[in-house]
Amino acid sequence: MELQNGVQQLEKRNTSGSSRKREKSIFWAYVLWTIGGFVGAHHVYLERDAQAFIYFSTLGGYFGLGWLRDIYRIPSYVHDANERPSFVNDFKRKVRTNRKPPFSSVRFATENAIAYFWAEIFRNAIPEDEVFGINFRHLLILTPLVIALGVWTVGNIGREQGSIWIALCSAYLLYPTLFYIGDDSTWIFLMVVAASLSFDTFSKQWRLKPRKKRSFVRRIFCLGFAAAIYLSLIGSYLYFNAVITDSEGEEIKLSEAVQHFLTSPIWLDLKASLVATWNQAIHQGFWATWAQLIDLTDPRGEINAYKVLGLSQTATQTEVTSRWRALSRDNHPDKIKGTEEERRQAQETFMEIQQAYEILSKAKNRRQRRNRKFE
């Protein structure tokens, strides 16, 4: 009965409303696909906002796969947006034939891929260390919610819809498995599969009523808000958790490496560094060049530390310690009797000296541990 009423509503919409609606253009859809498809511009034009955000958050529908698929899907999207009679009649036939949307391997795989990707972004965005004395690891409890949102968003694209609640409950039912499995990736995968299977089995249904129309300004505001949340998660990951590996195989936090980069030779002496890098690439190949490039960015700040202490990079630890003591004694803030600005500058210089010595001492200890490991 409900399906019959829905089909009747579709017929009324098709006969009375389509002529008054401003139609979308296949040409402009392809233009936007070409120049802004990786961020979902063509889907914004076609009022498929959820799909647009998915493209934005996954670089073109999971690293370009969705963008390439749209080469032949755009005409269908445009006909859907325009409620073209041939498209609507085909949809009515599907509704009459199937009580609920049949299984789609593409949609199911996309639900899993998007939910897993968003969950990994969220998990990696949570700071591993305390920030201002606050432990944010408790936010892992929201991971099933992120998974359910991913499944639900994909499941509600186009002419299909479904409730989020069953997917959400299914994901939370498997949340305790983290304490038995111990592996975060496997844990997330299990919740993703459970959420997508439950949504596909129990929640999805045909979208028989039109979506509520929203103004363009409101749509852009909602998309912008979602994009801001997503970018803040990316920023949190890059600042708190992202690491790079130096030529010695040691991991350094990206935020620390960026700070040291601003005082590194590759930044201060850019031209000379580019020439050295080019010569390295010619004679020793890509990977040796990459290792040198990482070293030139001075990710640990060791090169700048030698510069602060006024020593060459070949200085021994004894020379480093002796120089540090002399500079600390000569630049101690208590010896400065000048103005407030002079005392502040002396304090900054003193702290730079202490930090430089700490960096070089840690480097020495790290090399000693590595040498003992290989003995």
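Placement of Cβ uses the backbone N, Cα and C atoms for every residue, glycine included.
Predicted, not measured: the structure shown is a model, and the values here were computed from it.
Segment annotation: TrEMBL labels transmembrane segment over residues 52-68 (candidates 52-68, 103-119). No contact links the transmembrane segment (139-157) to the transmembrane segment (26-46), because fewer than 3 Cβ pairs that are 6 or more residues apart lie under 8 A. Between the transmembrane segment (216-240) and the transmembrane segment (52-68) there are at least 3 Cβ pairs closer than 8 Å, counting only pairs 6 or more residues apart in sequence, which means the two stretches are in contact.
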